[in-house]
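What follows is a single structure, written as structure tokens, with notes after it.
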Amino acid sequence: MDSATTSGAMELVAALLRGRVPPELMGGDGAEGRALVATLAAAVLGAALFVLWRRAAAGKKRKREAAAAAVAEATEVKARAAKGGEDEKAADDGRKKVTVFFGTQTGTAEGFAKALAEEAKARYDKAIFKVVDLDDYAAEDEEYEEKLKKEKLALFFVATYGDGEPTDNAARFYKWFTEGNERGVWLNDFEYAVFGLGNRQYEHFNKVAKVVDEILTEQGGKRLVPVGLGDDDQCIEDDFNAWKEALWPELDRLLRDENDASTGTTYTAAIPEYRVEFIKPEEAAHLERNFSLANGHAVHDAQHPCQANVAVRRELHTPASDRSCTHLEFDIAGTGLTYETGDHVGVYTENCPEVVEEAERLLGYSPDTFFTIHADKEDGTPLSGSSLAPPFPSPITVRNALARYADLLNSPKKTSLVALATYASDPAEADRLRFLASAAGKDEYAQWVVASQRSLLEVMAEFPSAKPPLGVFFAAVAPRLQPRYYSISSSPSMAATRIHVTCALVHETTPAGRVHKGVCSTWIKNAVPSEESKDCSWAPIFVRQSNFKLPADPSVPIIMIGPGTGLAPFRGFLQERLAQKESGAELGPSVFFFGCRNSKMDFIYEDELNNFLEQGALSELVLAFSRQGPTKEYVQHKMAQKASEIWDMISQGAYIYVCGDAKGMARDVHRVLHTIVQEQGSLDSSKAESFVKNLQMEGRYLRDVW
């Protein structure tokens, strides 16, 4: 309805209300005509008012959107200007620049990088510290060298995960850096230090940090202190603090004047805190929300997951088993999400209701309390320097925030204990918390918190007077709940609109006596599929690419080793091979070593594996049952029995794939493979080791381990 039409309608209504009825409307019986006129007047008036309301509402929406866009643009311009101005100021006033790089998977490396930068800013007022995500440092690979040549002093915080791999945000830099041997010596004026984050239980402990440190030295860089080897299996914060204390004297030498008055200044880290505003429920509905879950996003990643419904869920173990393993299918039709065989899926799920209710009780907040959360002040300037991570979307209720974004079940870090101590009203509890976080309390923290696997909520229950405000709780006490990664157990050739997950339930008793239920595995086990209810479960998910891929040539032989849920990617492999065979491809030999406890309890996908054998996608299935029969048999034992066949396949160019537990199974399999190569190839130990390493370098020995 245009403006002319609206105007005409209003004139007609006005005429009717004044009693002036157009003659053309008064045909026939007078009473009937008057009734018709009254009805028409009401209808026209209603339509006109509706149009005016829509126009006013649209105008308000456009104003809100324009205001929001203006604020966003102003904020971005302000940030760019501040960032550029800071760099220019550093160059103009002669202050030295220190770049602090980080490569992080869960946020710990980023947290250490920002914490060090904050403390360094307080120690060295004549230097500027800039914290940089390695992935954001260069838009193109070629820019890495160009930019690094301009750096004089840099600190690297890099984590290692999986099978000695870099984190997602460091992968591009690491690939460029490790493949550039032809650069020679080019970092002559470059000084650096590296701190690594890893877990000593894994075979390639801190591999990424060690490699980066070694190559920096080889290419001319000057190492300030030995590479720091943070061990998350113990207390990685202690490792970080020890490395940091060794670093300060070197930075003092480079960044301080002899008469610097701040030399003896004691630094006390501020407790990070988001700005939180509590709002009424009726106000929450009028505020814009940005959950970053809109399906059809150009790129789905950890920051931009898509919403996927659970289509299928079924138990894979038999009733005779005392454990549980779930087959789950996410429906990705219409989401824009795609995957390849061998990829991983990242799943964001929620803490279970009883855990959330306990957190609400300990914090003292009503579950339905609405609030907004911000990393800046009301005037737009950032809070706490640069140490705060971007907050989660809001407005949100306390219950939903605790369910979706707070890691409540892992053991608290020492920085969390310090934050709790600050807000403990009982002096004795505050002192105890500070002691556990101190160097003097190192052994007790290691025993009472780490070894006992006490969760954050268990620790908070022991210190009930510690009730931090929400802004502190989410910034300094509870880490952000991280996505859980699973090897996709399907192939798009067979299931293009579904992502299959094979998940073992985590349900165990900790040394402190708590029954620990895995956050994601519990959610998966209890998920409601769409085949059972229209009100089905859903989760934000995304795909992470993997190099765990079948050979490009399907005729190349493959050896697969994957007990338990390590079967997952191989189910996808075999679906892919079956599709290739049905398309006329000639398949090479394939053998799969699978293990479980008992064929009557946890032999998952048994019928499917037998079908792959019958259809020719799989040549041989070798089974190992650890709790069936007089002796325990594992996949590595079966490999030793098949040593000759394995060596023959390797000699024919076979690819070897291992999936499953990194701490036990993968190590044992690696040792057996080394023995097979040594004995079957008549090689000494060092040559056998070189042979296996070459297989890895050639991409013929791949591992998907956790």
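Including glycine, each Cβ sits where the backbone N, Cα and C put it.
Source: prediction; values computed, not measured.
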Using only what Swiss-Prot says about FAD binding by R484, Y485, Y486, S487, T502, C503, A504, G518, V519, C520, S521, identify which of W248, W647, W706 is listed for that site too.
W706
As a test of the contact definition, list every same-chain residue at least 6 positions from N199 (FMN binding site) whose Cβ is closer than 8 Å to its Cβ.
F205, D231, D232, D233
Assuming the binding residues for FAD are exactly those in the record, R484, Y485, Y486, S487, T502, C503, A504, G518, V519, C520, S521, W706, what is the maximum CA-CA distance in angstrom, rounded?
17
Per DSSP, to which secondary structure element type does V519 (FAD binding site) belong, with helix, strand and coil as the options?
helix
With H, G and I counted as helix, E and B as strand and the rest as coil, say where DSSP puts Q636 (NADP(+) binding site).
helix
For S521 (FAD binding site), the number of neighbouring Cβ atoms whose distance to its own Cβ is within 10 Å equals 20
Could you say which of the binding-site residues R323, R484, K632 has its Cβ with the most other Cβ atoms inside 10 Å?
R484
